[in-house]
2 protein chains.
Amino acid sequence: MRREITGFSNPLVKRVRSLREKKHRKREGLFLAEGLRIMTEAREAGALPEMLFYAAEVAPHPLASALMDAVDEAGSEVIATSADILSKMSGKDNAQTLVGVYADRLTPINALDRASADIWLVAQSLRDPGNLGTILRTGDAVGAGGLILVDDCVDPFSVEAVRASMGALFTQAIVQCRWQEFIGWLRSGHGALVGTSLQTDQDYQQPAYTAPTFLLIGNEARGLPADYEAACDTLVKIPMLGKADSLNAAVAAAVMAYEVRNQLRRRG
Amino acid sequence: MRREITGFSNPLVKRVRSLREKKHRKREGLFLAEGLRIMTEAREAGALPEMLFYAAEVAPHPLASALMDAVDEAGSEVIATSADILSKMSGKDNAQTLVGVYADRLTPINALDRASADIWLVAQSLRDPGNLGTILRTGDAVGAGGLILVDDCVDPFSVEAVRASMGALFTQAIVQCRWQEFIGWLRSGHGALVGTSLQTDQDYQQPAYTAPTFLLIGNEARGLPADYEAACDTLVKIPMLGKADSLNAAVAAAVMAYEVRNQLRRRG
């Protein structure tokens, strides 16, 4: 279905704009993704927006036209509007020429098929949306199955997290749960829980990782709680040669994930 | 020298606040760093602020007191103020209880001692201050000598970059130059230039890296220009198993840097 919106005061503009806030995303079960690149990744991963808005004054890219046709065929809305209105929706001065409204896509932990991937990323009380999105992007690159968000993590559907994920939000399963649910589920099947810690001398290249490995990433400022570390099968540390005692959380996740990936690849 | 500022309209408050903008940082040759952790890292790396502001209503941490004494002894200013004024200076609602004004610390490329470290990071047209700071932090962790910013990179002294560096801004040499200056300097001595590229099939774990290795990181959206890739001694790619074709720039830098570090460590 195609239509047009030209007025800033249109209630739909206001509604879409409200999705920049977590409480509205939660109430509606919807979130925003912007830009051709991310929306094309989404489509390739099988996710089409419920509503697609585009700037009518810009000649659409062939991929954008194909995306609009697909949304149209799926019976969802394709809405012509202006670059200014898109800016208002996305809260960016220099907005993308496409904005999509997607149904949020959380997976219940019991629905995860742990055997479907060799690596799973698990983040605990992660606070920074850029880190969360970057971890999703890394997960996609290493062939992880998804990201399990334990305890009070930042919302994975925030505009910043979606942007930083560069579309990986649509290729990775996303779970939100408490620690007890996670550990109960984990121990009901196979899989090793690996955490990084300052309390161990074991270098991260020392263990032989096995599939599936669950990589546990702690909060940016505090790392992992002691009892969560105690619940890990393996604790390792990434060597630090400088003055600082820690890496950025998304960087630590990537260094660990590539080590596991490389080991599993070498052993075939 | 110790004094007190209680008024928001004090010209010094305005001046410090103005350092959040690049043009003022450039004109004054000064920048802001906030918080006990980063300012203590700075001190350990031998950098003291020209001016230190603290919230007088908060009992100072012993490390903060030690820092103030050191600033005092160095003949620089220690200024008591309020949490509200610190918030105004730093532009954060929930400001740190310490703000320091530091002299910027660029190193001319010709002053770099390339033999002083095994790894050097080189970023080209890097746009995101968070990525820049994170790359500095990773550089510190792998024992890199510094970060060479080629062409039009974001300002390494922006508040966001300083924050993301977690103090590594003070432990890493920072160079700003054009590509021609960099490549001229590089080729006047030994050292291999290694770039990541989508145009090669060589896995990043394949080459034997030698010290010093200069790791070239391209712009977030465009990667490296073709002629910069052509100037590299080695081009490698980090394998991507998912749908996406690239990693976050700071993540790619970290995965590469740890591979080089690990190889050099193994070979002793």
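Keep in mind that glycine also has a Cβ here, set from the backbone N, Cα and C atoms.
The domain 'MRM3-like substrate binding' annotation in TrEMBL covers B:10-100. The domain 'tRNA/rRNA methyltransferase SpoU type' annotation in TrEMBL covers B:120-258.
With helix defined as DSSP H, G or I and strand as E or B, the domain 'MRM3-like substrate binding' (B:10-100) counts 44 helix, 18 strand, 29 coil. With helix defined as DSSP H, G or I and strand as E or B, the domain 'tRNA/rRNA methyltransferase SpoU type' (B:120-258) counts 47 helix, 32 strand, 60 coil. Over the domain 'MRM3-like substrate binding' (B:10-100) the predicted model carries a mean pLDDT of 92.
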